[in-house]
Each structure stands twice: as structure tokens, then as C-alpha cells.
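Taken verbatim from Swiss-Prot:
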- 71-76, 105-109, 129-130, Lys142, Lys151, 169-172: NAD(+) binding site (BINDING)
- Glu184, His247, His264: Zn(2+) binding site (BINDING)
Amino acid sequence: MTKQVLVELGERSYPIEIGQNLFSNSEPLARYLQHKNILIVTNETIAPLYLQSVEAMLSDFACATPVILPDGEQYKTLEQMNAIFTSLLEQNLGRDTVLIALGGGVIGDMTGFAAASYQRGVDFIQIPTTLLSQVDSSVGGKTAVNHPLGKNMIGAFYQPKCVLIDTNCLSTLPKREFAAGMAEVIKYGVIWDAEFFQWLENNVEALKSLDTQALEYAISRCCEIKAEVVEKDETEQAVRALLNLGHTFGHAIEAEMGYGVWLHGEAVSAGTVLAAMTSNKLGLVDESIVCRITALLAAFDLPITAPETMDFEQFIKHMRRDKKVLKGQLRLVLPEGIGQAGIYSDVTDELLEEVINCA
């Protein structure tokens, strides 16, 4: 049975279809593909697993030769995105084209940005294959590539026409990638839904064993929360920034260690602990909240400490480039309890240094 979550954005509203064996039926996508050319963008890891199934699903439609990119965060670059543009141009594909992102967050972000940019905008569809992309990056219209000086620094807000989430894809996901996705799942509980956080605490083993019902509930609940937040604040002027819990610290880890060395979710996990510790130092939460957050992340085998090789100066160098910085002031998303968070711009460098040195 398929679960549908609707992201309501007026004329740009779109459905998120969640279920099993969704690659066997093109019906959820058909309305977006009629009289269109289709270009699938995927990577070298996903192509052998799912490209043939998706092409078979779309056999009644006009599919161009797909683009198969290298796999990894280190390839989330303008250079690789240019390969998408080259394929579009070499195959004479115009504005009547739909790009389909078949892969994880890197493929989704690059394909979405290419769609936003090509001939000033063509349609695109997300088919996320990793847990992280299913619960987070495929929903909400954030598209981007990295720059050597910062993560996701070049991009656009551009919503997909549809998101198709087949939970069967998680059966081929490496355990490390699954754990990385759980960092984003846990984030939703911390910032928005205390009951969901408690449910996660009670269902660790079910999720780690890929129990179908547990996975579908977790994914759908995350998508519901993400949709609710995006509907309130599509372009991250206010409440949507809460979705960046752990990301200011996490992006610093990714940039300093080298993109792809730490997975995004791993860096977010360590960053979430640092954010919780900062909250504790400010008196926003007591030690028990920090312990609950840390214990749940650790239960999914996620890192809960920063890299030993990173010092405060390395952190702050990258954190100052964060997209939430306003008038030169660092703005941090910090837990205020389980199920609630806030944005703080009055955290001193001295306090941050104390937290980072303790981590």
C-alpha cells in the first residue's frame, strides 16, 4: 500500500509517494511525463542496481540516453553538473524535458540544480534511493553543488514535480549509509516531534533490521514534518532553518576533512551532539537531554564526537561561511528540549571553543 504526503505550495504543490515495489508501475509519474523527453541522471553505484528497472517502468515514454556520474560527495561539483548540460545539449533536449534524479542526495541536488538552470528551468522528478535522500534532501526544493570553500554554496530553491520513494531501495544500501540517513531522521524528533523521538528510541532494532512497517512509518513521518516546515517557510527565512540542526558544525567537519571522507549524516550526527552540548552550556537543556540525543545517535553506530584532528580555529573558519550567517553573526540551531529548537545568534566564540575542546 502506498502512502502519499502532499507538499502544499500552491501551483507548485507536489506529492511524495512512499511504498514498496514502486518501480513496477509508471502511473504515479505518468501525468508529469506525457509528451515529454526524459533524461535520467544517476551514478555508477545506483545504475547497475535500479536503472534498468526504472527504464522498464518508463518504457512507454521517450527516454534519452541516461547520464551516469561518479558516486560520492567529492563529485558534487559544477564540473560534474556540466556533464548533465552536455548530455542535454548533445541529445538536442529542450524545455519539454523532464530530468529524473535516480540516486541519493548528491544526484538529487545536482539534478535539481541542473533542472533549475537548463534553459532557465525544466521539470524534474526525485527518485531517492538512500535513506538520507528519502527523508530529507529530496523534499523541499533545495538544490546545489559544493565549492572547495564551502558546502552547497552554489544552488537554487527549485521544487520537483513529484518524489517517488521505494523503500525496497534500502535493502541494497550499505549499513554505513543507512546509519548516516538515521542522523537526519533523529533530527526531526529533536527539533519538532518529541513523540517521534521516543518512538525512535523504542524502535532502534526494528529500524536497523529494515522492518518494513517501521521504515515506512519513519520515512513518512519525516516527510510529513519536512512538508509542514517547507509549507511555512519555503526559502528558509525563518522556521525552515531549524532543519539545519547539527549542520553548521557538520558542514565544517565535511569541508575540513575533505568531502566524502565523512558522510554528510555522520558529520550531522557529531554536529548535533555539539549543538546539544552548546544548549547545555547555555542552560537551554539539562544533561539528560544531551544524553538522550547522544545515546540515540550512538545506537545507530553514528559518530558522537568531532574528529580528533580538528581544533576550534578549523571549525570556526568554516562555520563563519555558513549560509545562516547574518550581518557577520553566526546563527546556530540549538535544541531547547526534545521536540523543540531555536535559532541563536548570541553564542560567544569562547563558549564554542569550550564546547569543541570538550567534544
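Including glycine, each Cβ sits where the backbone N, Cα and C put it.
On the structure: features taken from Swiss-Prot.
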residue : record              : contacts (Cβ under 8 Å, 6+ apart)
Asp71   : NAD(+) binding site : Asn43, Glu44, Thr45, Ile46, Val106
Gln74   : NAD(+) binding site : Gly258, Tyr259, Gly260
Gly105  : NAD(+) binding site : Pro128, Thr130, Leu132, Ser133, Asp136, Ser137, Ser138, His264
Gly108  : NAD(+) binding site : Ala101, Gln126, Pro128, Ser133, Ser137, Ser138, Thr143
Cys169  : NAD(+) binding site : Leu49, Tyr50, Pro128, Thr129, Thr130, Gln134
Thr172  : NAD(+) binding site : Leu49
Glu184  : Zn(2+) binding site : Leu131, Leu132, Val135, Asp136, Cys222, Gly265, Val268
His247  : Zn(2+) binding site : Val268, Gly271, Val333
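The Cβ neighbour count for His264 (Zn(2+) binding site), using a 10 Å radius over every protein chain in view, is 27. Neighbouring residues of the recorded Zn(2+) site, listed in sequence order and excluding Glu184, His247, His264, comprise Leu132, Asp136, Ala183, Lys187, Gly246, Gly250, Gly265, Ala267, Val268 (Cβ within 8 Å of the Cβ centroid). Annotation note: His247 (Zn(2+) binding site) sits in a helical segment as assigned by DSSP. DSSP assigns Asp71 (NAD(+) binding site) to coil, not to a helix or a strand.
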